């Protein structure tokens, strides 16, 4: 192997994954809780970036799908619907995908750019208001006291009521979803999406159906966001209409830019970094907004490639000498992909 | 029944003019810089807080009220100059997504600052003495302050429209909006024009904050309410179109107040439904093409 630097990202990923998996064993409850949320927000941000970086669409109301999934699982758990938890997550996935397909089918045909941004924002606001009118889901107060599930597997039962058991459940589902998205962006669909994000006009010219591809991406993204919401409901144990507030829609945006939108894992890195920042500034009203707004602004103005972008250029610098000395250097430079 | 309707129409006009006062600056800056400023509502709120700090919660004289409002306009206009210098100018050539998200970050930053300086409490400010009365005309009560808001909206609209359509300044600004490259060739300093547009837009936000301060519950959430209303007005009126925003604001106010009469159980939703329908059916706004 000529270039050891290619191991940098996989190694970092494996270390991060092991650390996250072991967290409930040595971290206290509040840190575990925040890490669980961070995993969910990480996948939520990855689903947003599927639209932003890989398809060239900015959704400002992505939280609407998250809310849909969260409320479905919340109702199912709270009112004891006769649906097992894995099936609940699948239904949340289907609901989110169905809603995204229905909205996207109309919206992507009629609107783009700024209009699409405002449209998605308005739809999320409507979701928030409609939930506030429905007695069954607790109006503006939301649904509280959501129990964590016990899954019956036939031969054995999986008890997820304890905090650490549900934490590992989140970990497994989130890793599966993230790998699924990772596979998607590397498949031929992912490459087709990339091409329309880069230059929609040329993609049309070579015979791609832009509308269909965008709709496909919008549907998958909405479905993943809904499953994230479904996972979060038993973890936080309360759902409120504010899940669909535009501040929550801004969360994946923020995580994505913080981590770096150009690399697939950037949004996930951003989600964990944001949780860290938020955890350390949580005490004073207003400070968290200043810190978050200030960081976001600084990133956009000074380092638009985010944390992973900065690390990537660092990686290149460190391994540059090694690479230059290698007889493979010329070959790699020619065939290099980011 | 008739009284109920005439009252609904009157309050709709008041709400519409209030929305226009906020939307005016938003649509102006979009028309010239093609920037949709998410932070506009926050700067409106900042203007309201500055006016409050000068006046306090008690009724002031009309002159003091107007002066305080003007001061808020100057302070927020200064903030606009700084924003242009630090943010808008640097992002002028980048993808519009980044500008959108940058103004969103600014929204968070200013909201946080306001929370630290003025706290989270709700405050109620009384209107100036002259405007505290209520007239009883044709069977309905008409607060003088509402009449003042409607008048202020019309005056701001007339000044903006006259300034943009008739004066040489307005024509210069329009030429920069239409074709910045050609304007530059003709010797117009685009930079100055754009900065001036941003400053005027922010000043309008600050002045709107001052004018609409009385009878509002002043809190850090004030900006959000008016931002979405103003967004809707700007979209329905056609992005960047001042006349469109004026008509759309009136329309929105009427939609909201009529739906309060017809659907009292579903407050607030009609505006969003109107917004969604408009984006899908007529994304270019009610006056297509006109600037």
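Just so you know, glycine gets a Cβ as well, placed from its N, Cα and C.
Please treat TrEMBL annotations as automatic predictions, because they have not gone through curation.
Among the features that TrEMBL reports, transmembrane segment is placed at A:7-27, A:33-51, A:63-81, A:87-107, A:114-134, A:165-185, A:215-236, A:256-277, A:289-311.
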Folded-back contacts onto the transmembrane segment (A:289-311), same chain, C-beta under 8 angstroms, at least six residues removed: 254, 256-263, 265-266, 269-270, 273-274, 277-278, 281
Within-chain partners of the transmembrane segment (A:165-185) [C-beta distance under 8 Å, separation at least 6 from its ends]: 17, 20-21, 23-24, 32, 35-36, 39-40, 42-43, 46-47, 50, 54, 89, 148, 158-159, 193-194, 220, 224, 227-228, 231, 234-235, 264, 268
The transmembrane segment (A:256-277) versus listed stretches A:33-51, A:87-107, A:114-134: most Cβ pairs under 8 Å: A:33-51
Any contact, the transmembrane segment (A:215-236) to the transmembrane segment (A:87-107), with at least 3 Cβ pairs under 8 A: yes
Most Cβ pairs under 8 Å with the transmembrane segment (A:33-51), selected from A:7-27, A:63-81, A:87-107, A:114-134: A:7-27
Whether the transmembrane segment (A:63-81) meets the transmembrane segment (A:7-27): three or more C-beta pairs under 8 angstroms: no
